[in-house]
Amino acid sequence: MTTRSTDQTEHLRALGQKTPYPAAGPSTDLLEAFPNRFPDRPYIVSIAFPEFTSLCPVTGQPDFATIVVEYIPDQFCVESKSFKVYMFAFRDHQSFMETITNTILDDMTTKLQPLWCRVKGLFTPRGGTQLHVFAERFKEVEPARAQALRDMVSEWKRENNRHGA
């Protein structure tokens, strides 16, 4: 017999449907969120997208990367299929690597309003140069909670680096 959680899914559009690959470029409208059932328990979500592609804004040459988004949800979590569609929207989008990484951070924080979010753009070498871009943002919260979140993130970074992720 199949059992089911009480996760709210009625409002999700992308999951369970044929995957549309947007031609219009990245937009927060592509991202969907669902309610975080554990807002009083800080935990970290890490999503890696190893098939990221975009285009150089000068040469039009393809750039390849692994994009890693890490966040501590507050009231919302990102739905993973919508995240995949959002990542694919960069495929024919021309932008610098630094702009891409910061755009993803801005879009994720706009959509989710997480307590903390970090985006790592781990770009494949091109022309003999490898570029890694890290951008992060903490949500404004009361000082005691802010320190607890910073401690948690610091521990996460130490632990995560130990595993090479």
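Glycine is no exception: its Cβ is also placed from the backbone N, Cα and C atoms.
Source: prediction; values computed, not measured.
Residues or ranges marked as active site, thioimide intermediate by Swiss-Prot: Cys56. Mapped onto three states, the DSSP output places Cys56 (active site, thioimide intermediate) in coil.
Under the DSSP three-state reduction, Asp63 (active site, proton donor) is assigned to strand. Taking the Cβ of Asp63 (active site, proton donor) as reference, residues of its chain lying under 8 Å away and at least six apart in sequence are, in sequence order, Thr53, Ser54, Leu55, Cys56, Met97, Phe123, Thr124, Arg126. Annotated active site, proton donor per Swiss-Prot: Asp63, in sequence order.
Counting every protein chain shown, the number of other Cβ atoms lying within 10 Å of the Cβ of Ser80 (substrate binding site) is 14. Annotation source Swiss-Prot lists substrate binding site at Val78, Glu79, Ser80, Met97, Glu98.
For 1-24, the entry in Swiss-Prot reads region 'Disordered'.
Here the recorded positions are Cys56, Val78, Met97, and the one ringed by the most other CB atoms within 10 angstroms is Val78. For the binding-site residues Glu79, Glu98, the greatest number of Cβ atoms within 10 Å around a candidate Cβ is found at Glu79.
Mapped onto three states, the DSSP output places Val78 (substrate binding site) in strand.
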